[in-house]
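Heads up, the thing below is written out as structure tokens.
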Amino acid sequence: MSGDYSATRKSENVDTSTTASQEDSSLAPEQPEKLVGASDVAAVSNNEPTADEYPHGLRLITLVLAINLAMFLASLDQTILGTAIPKITDEFHGLSQVSWYGSAYFMCLGGFQSTWGKVYKYFPLKISFAIAVFVFELGSLICGVARNSNTFIVGRAIAGIGGAGITSGSTVILAFSAEPAKRPTLMSTMGVTYCIAFILGPLIGGAFSEKVTWRWCFYINLPIGGLAMALFFLFFRTPSVSTTQDATLKEKLLHMDPVGTVLAMGGIISFILALQYAGVSHAWNSSVVIGLLVGFVLIMVTLAAWEYFQGDYAMLPYRLFKRRVMWAGGIFQFFFVGCYFLLLFYLPIYFQSIKGVSAIHSGVDNLPLVLSACLFIILGGAAVEKTHMATPYMTAGSAVAAVATGLLYTLDVDTSSGKWIGYQVLVGAGLAFPFQNALNILQAEVDADDMSPATSSLYFFQILGGAFSISAAQAAFNNRLLHSLTINAPGVSPLLVLATGASDLRSVFSADELPGVILSYMDGLKAAFAVSVGLVGMAFLSSLHMVMIDSCETLHTTGDDGAWKGKEVKELEVERLYVN
């Protein structure tokens with residue numbers, strides 16, 4: 001069962017006071033084989049809520065609705081911008097800062113995941129989640145009223161900080177809202193929420209941008225966020241095991257690891273700026289670009305050293321990353337999810353700039369991808385729950401996605417609708433089917449005390465993948481676009497092309513200039529799609545490593561001969577998880 005995602009925890013996490021009879025009872029061979037996840041072991045150690053504490057009936061339904069409404073907003077902000085970007089570039093006059101519109105949000109969404117994980121561990125869960133929603137709403141308001149690109153980017157960053165608290169807190173709250181055996185089903189509601197946001201995001205963004213104003217893409221967050229908070233406060237009761245850790249205020253603030261957060265943000269900003277400048281305003285071999293890239297490497301090395309010496313104070317605890325399932329899962333999510341967000345940004349640009357369709361129409365054209373993703377993320381969750389296997393789907397999904405993104409690379413000016421519809425369906429299937437699997441594996445292997453930092457650490461890699469991928473795609477797009485213009489439209493000013501919004505090409509350039517500009521845009525988009533192929537290829541390689549991890553970490557309840565192995569052997573195998 002090399003792909004089984006339910007591996008048992010380290011032996012010292014199990015209550016050693018359990019009697020022999022209880023051990024024999026819990027490990028009785030006549031029971032159906034069931035590998036125990038971290039949550040189950042934590043329950044044995046009284047680290048789980050009792051059955052009576054779990055919400056049921058209407059209370060559970062309303063609580064899940066409230067949490068998923070908040071998650072819907074954070075997810076919608078990841079998808080709604082794609083079809084709105086061409087209109088935003090029209091108003092703010094240029095493409096030069098497009099990568100920041102997405103990266104500012106993703107950078108903070110990922111960079112503050114671990115910080116919020118510590119907040120939920122050391123401060124009251126209910127109040128912390130409310131603050132996260134408030135910060136997100138504040139950032140959305142700033143984006144809505146922004147009169148220039150810089151203010152808009154600041155608003156996106158603030159919304160990202162709040163969004164980090166929402167995504168991290170939602171997972172923790174739902175984990176405390178269901179018994180371990182029912183968590184995959186409950187967590188799948190988040191997958192459905194992602195899907196709904198992915199479906200509605202491009203449509204809402206296009207509709208607001210064309211019929212009203214793109215600013216309503218952010219104003220809409222305010223009433224929905226208020227409703228989510230009202231329902232949450234009415235129906236959520238903090239479980240007894242979710243007590244805040246006993247520590248002084250100074251110790252709690254140290255656990256937030258502000259130095260680590262600043263280093264992470266500094267490194268990400270250096271990398272994004274280097275890609276933004278390179279080949280556009282500065283040559284790749286210029287001192288500015290080289291200095292930023294060298295600075296990025298040095299900051300990342302400093303961050304790694306700082307996190308190591310911080311111990312449990314680190315935003316990325318080293319003891320968690322000693323386990324391959326933690327860092328290998330993070331690497332997989334970095335590349336895999338990054339590919340998806342890249343496509344959500346650049347496919348609408350393809351439809352609006354190359355095909356010349358409206359913002360609403362581009363959202364409709366993007367539906368094959370998001371509808372396919374919605375369907376297959378549900379099927380993927382059901383497959384994991386049915387088979388108790390996760391990693392084989394990660395490998396298969398990334399392989400399918402690699403082929404599908406390769407097909408997207410073949411898109412051209414005159415590609416038929418049948419092809420781009422089919423390609424998107426295939427991409428959605430490959431990327432969505434194993435979308436939640438790394439999280440499923442991780443949450444099955446950590447106890448209740450580590451649920452929050454482990455989950456937020458995984459989200460750190462996942463969301464940063466979006467920031468890095470969008471920036472890398474923008475760099476590839478800009479460089480290829482500028483090079484292609486010298487061939488296809490030598491009489492057109494490259495600066496004018498960069499300063500023109502993607503949906504304004506046909507109104508700015510003459511009939512003689514437009515074909516060359518469109519061809520150059522297509523070359524730039526092909527470069528962006530090539531980045532997506534590379535990302536999902538790296539995800540495929542990391543998924544192979546995840547399979548090897550599961551092969552040696554899964555604890556079989558029986559030996560090769562079918563005989564019961566017993567507790568002593570299991571303890572030895574659990575110890576092996578921490579020395580490999």
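Each Cβ is built from the backbone N, Cα and C atoms, and glycine gets one as well.
What you are looking at is a predicted structure, and each value in this text was computed from that prediction instead of being measured.
Straight from Swiss-Prot, the features:
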COMPBIAS  14-25  compositional bias 'Polar residues'
CARBOHYD  Asn285  N-linked glycosylation site
REGION    1-33  region 'Disordered'
TRANSMEM  60-80  transmembrane segment
TRANSMEM  92-112  transmembrane segment
TRANSMEM  125-145  transmembrane segment
TRANSMEM  157-177  transmembrane segment
TRANSMEM  188-208  transmembrane segment
TRANSMEM  216-236  transmembrane segment
TRANSMEM  259-279  transmembrane segment
TRANSMEM  286-306  transmembrane segment
TRANSMEM  331-351  transmembrane segment
TRANSMEM  389-409  transmembrane segment
TRANSMEM  421-441  transmembrane segment
TRANSMEM  529-549  transmembrane segment
#### Entry: Annotated stretches the transmembrane segment (125-145) and the transmembrane segment (188-208) touching (3 or more Cβ pairs under 8 Å)
no
### Whether the transmembrane segment (216-236) meets the transmembrane segment (60-80): three or more C-beta pairs under 8 angstroms
yes
### Cβ neighbour count within 10 Å of Asn285 (N-linked glycosylation site)
8
### Message
Before we move on, state whether the transmembrane segment (331-351) and the transmembrane segment (259-279) share at least 3 Cβ pairs under 8 Å, counting only pairs 6 or more apart in sequence.
### Response
no
### Query
Between the transmembrane segment (529-549) and the transmembrane segment (60-80), are there at least three Cβ pairs closer than 8 Å, leaving out pairs fewer than 6 positions apart?
no
### Task
Mark yes when the transmembrane segment (389-409) and the transmembrane segment (259-279) have three or more Cβ pairs under 8 Å (sequence separation 6 or more) and no when they do not.
no
#### Entry: Where Asn285 (N-linked glycosylation site) falls in three-state DSSP terms
coil
### Message
Counting CB pairs under 8 Å, which listed stretch among 60-80, 157-177, 188-208, 421-441 touches the transmembrane segment (389-409) the most?
### Response
421-441
### Outside the transmembrane segment (188-208), six or more residues from its ends: residues with CB under 8 Å to it
64, 68, 71-72, 75-76, 78-84, 170-171, 174, 214-217, 220, 344, 348, 358-364, 366-367, 370-371, 373-375, 377-378, 380-382, 432, 435-436
